[in-house]
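Asks: First the structure, then my questions, so here it is.
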């Protein structure tokens, strides 16, 4: 049976802390986090989306009848802008002007719920696998990172590298913002910066571990953090900015972007709390099982 490196298996070689056990719990935690993100997104994310749609429709109605409305991006919050983990924007995807598409009510309820649950479940499984990978490997000899600590670390790094930093450079935009002609370019820029952020986080973690084990924990944390900030700062400076706001109201835009960040934070926090609790219980059960087996072996 595959075990997590750094977790001492009992004399029989059996342990409850397997990658499969963590993955199952990660998927469950992600499902719960997706439901939490749906609640937050529906409460704080949908009102600014409705305001943006109303502004868009008002502008379209006031345009001359013989002048076609300018292309606009209705998918900015989801696949088009690649903010899939920010599922409150999912409700803005392709809102219908006709009878063929899903209604706005369907988008903001069933559509948003589906998006947050799917993304949350996937992220929960990913966090669990990352935690399984670093568990027992980070830290110093005699004080390796514990299972719950690995979950918290993986969740925190994931939120920063996958959600927060990309949001700061290329935040999501509501309907009526952005040209449909540049959606491919904007999507490519977002994915490129996301990749840089994730790779920088991986490299910073490796550097931090080396400094932690060879110098001190303080040096590891500070050195790794500064390395990450330096890389993403250079990338953010070099990469092309996106500014297609036009005369869109600043208050509605800020409410939308803040709600997208709150939804992201709710999802990642939900994963950390729920998965941490589940892994904590599993660790306690594993310790108790190991103690019983060691006692039986000593008799």
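Every residue gets a Cβ built from N, Cα and C, even glycine.
Heads up, TrEMBL stuff is auto-annotated, nobody curated it.
Since the structure is predicted, the reported quantities are computational estimates derived from the model, not experimental observations.
Taken from TrEMBL, the feature transmembrane segment covers 21-44, 112-136, 148-168, 188-207, 219-240, 260-284. Residues or ranges marked as region 'Disordered' in TrEMBL: 59-107. The compositional bias 'Low complexity' annotation in TrEMBL covers 77-89.
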Asks: What residues in the same chain, six or more past the boundaries of the transmembrane segment (148-168), come closer than 8 Å to it by Cβ-Cβ distance?
Replies: 83, 85-86, 123, 126-128, 130-132, 134-135, 138, 190, 193-194, 197-198, 200-201, 205, 228, 232, 236, 257, 260-261, 264-265, 268-269, 271-272, 275-276, 279-280, 283
Asks: Could you pull out which residues elsewhere in the chain have a CB under 8 Å from any CB of the transmembrane segment (188-207), counting only those six or more residues past its ends?
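Replies: Distant Cβ neighbours of the transmembrane segment (188-207) are 81-83, 134, 138, 157, 160-162, 165-166, 169-170, 223-225, 227-228, 231-232, 235-236, 239-240, 242.
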